[in-house]
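Features as listed in TrEMBL:
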type: BINDING; residues: Lys97, Arg283, Arg284; note: substrate binding site
type: BINDING; residues: Met132, Gln160, Lys182, Gly183, Ala184, Thr221, His222; note: FAD binding site
type: DOMAIN; residues: 44-288; note: domain 'Proline dehydrogenase'
Amino acid sequence: MTVIKSCLFSLSQNTNMNKFATKVGPKMGIKSFIAGTTIDELERNIVRLNKQNISVTVDNLGEFVYSESEANIATNHIITIIDRLNGQNLDGHISLKLTQIGLDISMEICRQNLIRILSKANDAHIFINIDMEDYNHIQSSWQIINDCKQVFNNFGTVIQASLHRAKKDRNENKNLRLRIVKGAYKESENVAYQTSKEIDDNFLELCKVHLQEGKFTSIATHDYELITELIKYIERNKISKEKFEFQMLYGFRTNLQQLLSQQGYRVCVYMPYGQDWYGYFMRRLAERPQNINLIIKQSISKLLLKGRI
Ligand SMILES: Cc1cc2nc3c(=O)[nH]c(=O)nc-3n(C[C@H](O)[C@H](O)[C@H](O)COP(=O)(O)OP(=O)(O)OC[C@H]3O[C@@H](n4cnc5c(N)ncnc54)[C@H](O)[C@@H]3O)c2cc1C
């Protein structure tokens with residue numbers, strides 16, 4: 001299983017595979033995990049979830065950005081989504097990756113694009129979450145976040161429980177709204193825990209501390225055992241339901257999302273959207289290769305519906 005995971009993870013970082021897959025993907029049943037390839041499709045899915053009392057965080061997909069013009073296009077696209085959320089009064093915010101708006105080109109281009117997005121979002125009263133990427137980008141991401149903290153308060157970020165530095169980063173950023181995750185990237189033992197037990201323990205501790213003394217906590221996991229343990233903790237400590245939410249990925253454990261929402265918890269679904277879905281999709285397969293079964297089943301039923309099988 002570890003070999004399959006590593007193999008899928010390496011594929012997620014392959015730009016040629018990315019180009020190829022974006023052409024054939026829509027025929028493969030990826031739409032169960034991608035909330036739309038057009039903004040109208042995205043809006044329909046947001047409205048559907050909002051009707052179930054579920055809010056959303058929209059991720060405009062795209063990771064292999066190496067030119068200033070590509071970074072500007074991505075920035076403009078994110079601003080279009082902010083306008084749509086605001087204009088249609090949708091219950092949602094934005095998740096973005098700094099590499100998409102220029103981090104691999106220059107810190108300055110990235111910072112300027114982020115400032116443009118945060119200013120626009122501020123006027124529209126839309127929250128922005130800065131996703132955390134692989135370890136190579138961590139230091140520069142925190143630097144940009146720290147700069148923006150001086151000026152804006154309409155954004156938050158992510159703490160990856162797999163990293164040794166997670167507790168320190170949380171402590172230094174308790175005034176930010178934080179999403180706690182296990183961590184999607186395969187990192188070396190010099191910087192990250194390697195066993196699920198260590199990562200789960202750290203995840204629980206980070207969530208508990210941030211729930212007690214932090215601004216707002218987004219508990220982002222599909223792990224039922226961790227969710228159950230945290231609900232017990234929340235009830236024991238009488239933590240208000242206004243102080244946290246559960247976040248899950250679009251198309252994953254939808255029954256659990258609905259159940260938590262029906263029980264009166266805030267639930268927010270991470271909605272990946274756009275043509276450039278490959279890196280995101282392959283990381284989900286690397287985390288849980290069983291998801292391949294889901295795709296195969298969905299593709300077969302799609303073909304059956306079209307009468308091709
Ligand atoms: C909203 C959100 C935002 C994220 N943002 C980031 C980010 O910015 N940076 C980052 O590095 N990572 C991010 N991640 C990814 C995260 O770090 C993990 O890689 C990912 O969530 C998988 O870990 P898990 O906690 O869901 O549990 P896993 O360890 O993958 O799974 C734990 C258990 O959950 C159950 N389970 C999981 N998936 C399913 C399923 N589809 N169906 C049924 N049971 C299932 C199984 O019982 C499994 O054993 C994000 C995740 C979420 C949910």
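Yeah, the Cβs are placed from backbone N, Cα and C, and that goes for glycine too.
TrEMBL entries are annotated by machine, without manual review.
Nearest by CA distance to His222 (FAD binding site), out of the binding-site residues Lys97, Arg283, Arg284, is Arg284. Cβ neighbour density within 10 Å is lowest for Thr221 among the binding-site residues Gln160, Thr221. With a CB cut-off of under 6 A applied against ligand 1, the binding-site residues Lys97, Gln160, Gly183, His222, Arg283 are reduced to Gln160, Gly183, His222. Other C-beta atoms found within 10 angstroms of the C-beta of Ala184 (FAD binding site) number 19, with every protein chain shown included.
Put simply, Ala184 is the one of the binding-site residues Met132, Lys182, Gly183, Ala184, Thr221 whose Cα lies nearest to the Cα of Arg283 (substrate binding site). In terms of local Cβ density within 10 Å, Lys97 ranks first among the binding-site residues Lys97, Arg283.
The Cα atom of Arg284 (substrate binding site) lies nearest to that of Ala184, taking the binding-site residues Gln160, Lys182, Gly183, Ala184, Thr221 as the candidates. Residues listed for FAD, Met132, Gln160, Lys182, Gly183, Ala184, Thr221, His222, cover a largest CA to CA span of 18 Å. Around Met132 (FAD binding site), the same-chain residues six or more apart in sequence whose CB sits under 8 Å from its CB are Ile138, Ser141, Thr157, Val158, Ile159, Gln160, Val181, listed in sequence order.
The separation of Lys97 (substrate binding site) from Ala184 (FAD binding site), Cα to Cα, is 13 Å.
Close to Lys182 (FAD binding site) in the fold, though at least 6 residues off in sequence, lie Gln160, Ala161, Ser162, Ile199, Asp200, Phe203, Thr221, Asp223, each with a CB less than 8 Å from its CB. Mapped onto three states, the DSSP output places Gln160 (FAD binding site) in strand.
Each of the binding-site residues His222, Arg284 was scored by the number of other CB atoms within 10 A of its CB, and the lowest score belongs to His222.
Within 10 Å of the C-beta atom of Gly183 (FAD binding site) sit 22 other C-beta atoms, taking all shown protein chains into account. Taking the C-alpha positions, the distance from Lys97 (substrate binding site) to Gly183 (FAD binding site) comes to 14 Å.
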